[in-house]
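*Asks:* Below is one structure. I have some questions about it.
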Amino acid sequence: MDQFLQHLVNGTVLGATYALLGIGLTLIFGIMKVVNFAHGELYAFGAYVAYALVSLLQMDYFVALVLAAGLGLLLGAAIEFLLLRRCRLENIDEVMLIMIGVMIIMQNAELLAWGGVAKVVPTPFPQESIIVGGIYLSPTRLFVLGAAIVLLLAFYLVIERSRLGLAMRATFQDEDAARIVGVNVSRIYTLTFGLGSSLAAITGALLAPVFVVTPTMGDLASLKAFAIVILGGLGNIRGAALGGFALALIEEFGAAYISTAYRDAIGFLVILVVMIARPQGLFAAKERVG
Amino acid sequence: MIMRRASFLIIVVALALLPVLWPDPYLLSVVAAAGIMIIAAISLNLLLGFTGQLSLGHAAFFGIGAYTSALLSLGFDVDLGFSSPLVVEPKPVWVAFAGGIVMASLFGWLLGKVAFRVRGAYFVIVTISFAQVMRMVALNWVDLTEGPMALVSIPPLSLWVPGDGVVRLVSKAATYWLVLAAGVLAYVIVANLVRSRIGRAAIALRENEVLAKSIGIPVTRCLIVFSVLSAGIAGAAGGLYAHTVRIIDPDVFLFIYTITMVIMVVAGGKGTLAGPVVGGLIFGLLPEVLRGMVAPEVQWMIYGALMILILLFMPKGIVPAFGRVLKRRKISVRRRPSASQGASS
């Protein structure tokens, strides 16, 4: 039973960060119809920002978190402004390939700059786990969980309560109608891409002290983010949040009770099964397919 | 048409003479390696170019062909949970090679069945997931695939030559000719396929799926046929790779190989016959040119940047861009049936 609860807790912590990763990707897809293959690279970018600031420049970890989010926002906005703006009306496949090009460039730039050796980011929290009722809780992971939940709530408030969120939702529903009522759609696109990228970058920075930082970490992050948004239905933000928790729990329990070796394959199996059984995603009532 | 066929023959003969005129083993092995990727790119072009479906799991078929062919030729035993393990004795290499093609085609059919239920971004993500699952299997099913330890000592293909008897195709020149022959065969198969009835149906559905469906084209069946053939040719490329390089590890399933094939097709011109060949030669030989000059990371960054630039400024690819200059006609739905019969006869 303790074992079960331990996996539940680990899965929930991981799930909160998966949810952050997923909503960034699904936001970009929902509003811009762009499948962002560079999403995982922005996650890796955030982790490297944390490494550079905390490990190399001895800066405070919390300052590094804020800076990672800020730099992620700028980088995402720059990618949108410089590349995607040129081909917004082109077909979705070409935009996907452009994002793959961005992914290749970013990943290899990281490899060139930092080398292939995994980097460690020290945690500002005590190393000893807190034991509650037989369950081990590491303070770092608790902080990650807390921060992720705060970010999820903040994101929810931005989308549901702010004028920016209103404009985003309007663009999501009908781009032309949004333009007619005075929404600057181009600016919404840039902000959307920046915001989604920022979420990926801060997730990377949050998880940097939990895992190690490597140039290829973005690959798996991208693919898991895809699994999450497929679970939730592409473009469905609430679905992506739930999908993040669902994938993490499936992975955690799958690894614990079925096979550790295939842990990372579980996400893809989930995608294949969802596609066969319910292509619109598990949590969507109405969603276009194809 | 005669001009076209004559120039095709001249190019093939010129390529076949390369080992005689310039017997540099390094050059030959580099071109042969590029040739294998070109065959894979030709197969991807069937889906990406002629049906318009962006399949990003193509390395999986390459890997399945390579692993099946290698395992059949080496022999293997694997415990599937029954009372006695399944033991497969080593098979003749060409039988194994054919087995690789059949297995890849089977998976092409299976993936087609699943993936063509959806389109666009969903299709792309399903194909990627499929390749990833295959990679995990190759990596973790150590009893069968040796996992990261790789399959080694894979036997080469052999051929009966008059006068010499059965020779093992291990020399650089023999490997080169083998790849060239396979490449020409793949090219001719694809050329005839896309000019056939089903090829024209595929192009019609690429242009407008709803319209194609409305005039009675069985869209899903057509897509699955293309998926099977495309997977089979990719499997053949994988088999060639396994028996010429003679060592394979799960890295053959890496996403980056799919991307290499995609870059070749897109740069050359998707939906054109010569596109994957031209793109494949450029992106297959570019690494060798860049090797001495820059670090591999920079080389990949150049790849990425080139891909973005081509998509932004030459989205149809190199061959159509030059073809317009030369007033060559691209294969399109407009080609009359009589012309296509002429091509396939």
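Just so it is clear, glycine is given a Cβ too, placed from its N, Cα and C backbone atoms.
Per TrEMBL, the feature transmembrane segment maps to B:33-52, B:59-78, B:93-112, B:121-142, B:174-194, B:215-241, B:247-266, B:273-294, B:300-326.
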*Asks:* Which residues of the same chain, at least 6 past either end of the transmembrane segment (B:33-52), have a Cβ under 8 Å from a Cβ in it?
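*Replies:* Tertiary neighbours of the transmembrane segment (B:33-52) are 58, 61-62, 176, 179-180, 182-183, 186-187, 190, 193-194, 199, 202-203, 205-207, 222-223, 226-227, 229-234, 236-238, 240-241, 244, 257, 260-262, 264-266, 268-272, 275-277, 279-281, 283-285.
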*Asks:* Sort out for me which stretch, of B:121-142, B:174-194, B:273-294, B:300-326, has the most Cβ pairs below 8 angstroms to the transmembrane segment (B:59-78).
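*Replies:* Selected stretch: B:121-142, with the most Cβ pairs under 8 Å.
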*Asks:* Run the contact check on the transmembrane segment (B:93-112) against the transmembrane segment (B:215-241): 3 or more C-beta pairs under 8 Å, excluding pairs closer than 6 in sequence.
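*Replies:* Since 3 or more Cβ pairs under 8 Å link them, the transmembrane segment (B:93-112) and the transmembrane segment (B:215-241) do come into contact.
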*Asks:* Decide whether the stretches the transmembrane segment (B:174-194) and the transmembrane segment (B:273-294) have at least 3 CB pairs under 8 angstroms, with pairs required to be 6 or more apart in sequence.
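*Replies:* Result for the transmembrane segment (B:174-194) with the transmembrane segment (B:273-294) is yes.
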*Asks:* State the non-local partners of the transmembrane segment (B:121-142) in its own chain: residues 6+ outside its ends, Cβ under 8 Å from one of its Cβ atoms.
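*Replies:* Hits for the transmembrane segment (B:121-142): 53-60, 63-64, 67, 111, 114-115, 148-149, 250, 252-255, 258.
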*Asks:* Which residues of the chain, 6 or more past the ends of the transmembrane segment (B:215-241), have a CB below 8 A from one of its CBs?
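*Replies:* Tertiary neighbours of the transmembrane segment (B:215-241) are 36-37, 39-40, 42-44, 46-47, 50-51, 53, 55, 58, 61-69, 96-97, 100-105, 107-109, 111-113, 115-116, 157, 178-179, 182, 186, 189-190, 193, 198, 201-202, 204-205, 209, 248, 252.
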